[in-house]
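First up is the structure itself, then whatever we jot down about it.
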Amino acid sequence: MADLKERLLPPKPASALNVREAANRPSGSGRQAFQGVDVLGLKKRGQGLRSWIRVDTSGNSQAIEVDKFTMMRRCDLPARDLRLLDPLFVYPSTILGREKAIVVNLEQIRCIITADEVLLLNSLDSYVLHYVMELQRRLTTTGVGEVWQSDSSDMNRRRGSRSFENVFSNSSPDYLPFEFRALEVALEAACTFLDSQAAELEIEAYPLLDELTSKISTLNLERVRRLKSRLVALTRRVQKVRDEIEQLMDDDGDMAEMYLTEKKRRMELSFYGDQSMVGYKSIDGASISAPVSPVSSPPDSRKLEKSFSIARSRHESTRSSESTTENIEELEMLLEAYFVVIDSTLNKLTSLKEYIDDTEDFINIQLDNVRNQLIQFELLLTTATFVVAIFGVVAGIFGMNFEIALFEVPSAFQWVLIITGVCGVFIFSAFVWFFKYRRLMPL
């Protein structure tokens, strides 16, 4: 990892004078290194160079510095697609298939995949370096397997063993073009990263929720609130990746557009076919350039050329349709595999959210129970206050300034207290019975 980081680090910036001299110094072919580009004014115009990591089909990686317009011309991409890769902006996960490139924005992996190379923004993030290392490993491993299979097939053809050759030709599960292998590594890195974050969230969440059910405190409630915020943000990111993969799987046109190697091969075949047709015309130029009567039939060469072009176009259309269908199935199976992975991660987060909701419901039930107990206690306290108020009424009546014969009786005070107390107890018992009868208090 350290060697790869040192190798992919951008070069140290030189002084302004050295940069100007390097820009104006002619190269070995007699042209300037940055012809027509003011290097010092790039930053002022917002067109500064950016460091990219380039990985070719052989697994070789190097750090290059390219400005935005050069990258747009190189990959035939509009400016809005490059903005998806800008680390200064936060965009949701996106996979776009273009004419000559695939734009991938999956979490930390932001890259442009073409038929010949992968271009990543040169970041020192560990996930980006892991992506580069894993892509190099797979490309190198695949290259060794192809060499071994080609040697084995040559040996089998020499021996005349067609059945053994078919076994070797069909046994490799990794007959994917370069852009699909790079896309597979990007999907695997994104799914693994999201799954690891979901696992960390699960490890942290379940003990915290169990602690909250046993002890409801402000600190535990605050920790659960932060945990739920992280869960919602992670669920949104996982859901966006899942929706993007599902959208690609539902659209055959987008999947066919992403097969860059096939489109490049067809363009090369059409170019070579046009070149061979030009050569055929030049060889048979005498018969074509000869004067022809307007009433005579077309020459044999023109008939042959017309029939050959029609047959070639039909053959190419048939092959392209068959290969497109087959390649769509390959890409669909690739996307389906990682759709299952990301869907499993989403199910984990959904289960965790349901557990949090169940914990919240349990806490609300506990709080409602405590609130009901407080209401019952308040009801009993109010009833007791009413009974005590009866003593106050009796004391107020006997405290008035008038004389009656009852004041002369020695045991009158005791009898007043006994009668008042019995009446209070009776009234209180009647209220309690009424509350239980109306089910306002537990039995």
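Cβ coordinates are placed from backbone N, Cα and C, and glycine is handled just like the others.
Because TrEMBL annotations are produced automatically, they should be read as predictions rather than curated entries.
Features as listed in TrEMBL:
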| type | residues | note |
| --- | --- | --- |
| COILED | 224-251 | coiled coil |
| REGION | 291-324 | region 'Disordered' |
| TRANSMEM | 379-400 | transmembrane segment |
| TRANSMEM | 412-435 | transmembrane segment |
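Regional average pLDDT for the coiled coil (224-251) in the model is 92. With a threshold of 8 Å between CB atoms, the same-chain residues lying at least 6 positions outside the transmembrane segment (412-435) that come near it are 379-380, 383-384, 386-388, 390-391, 394, 398, 406, 441. Below 8 angstroms of C-beta separation, residues 416, 420, 423-425, 427-428, 431-432, 435, 440-441 of the same chain, each at least six residues beyond the ends of the transmembrane segment (379-400), sit close to that stretch.
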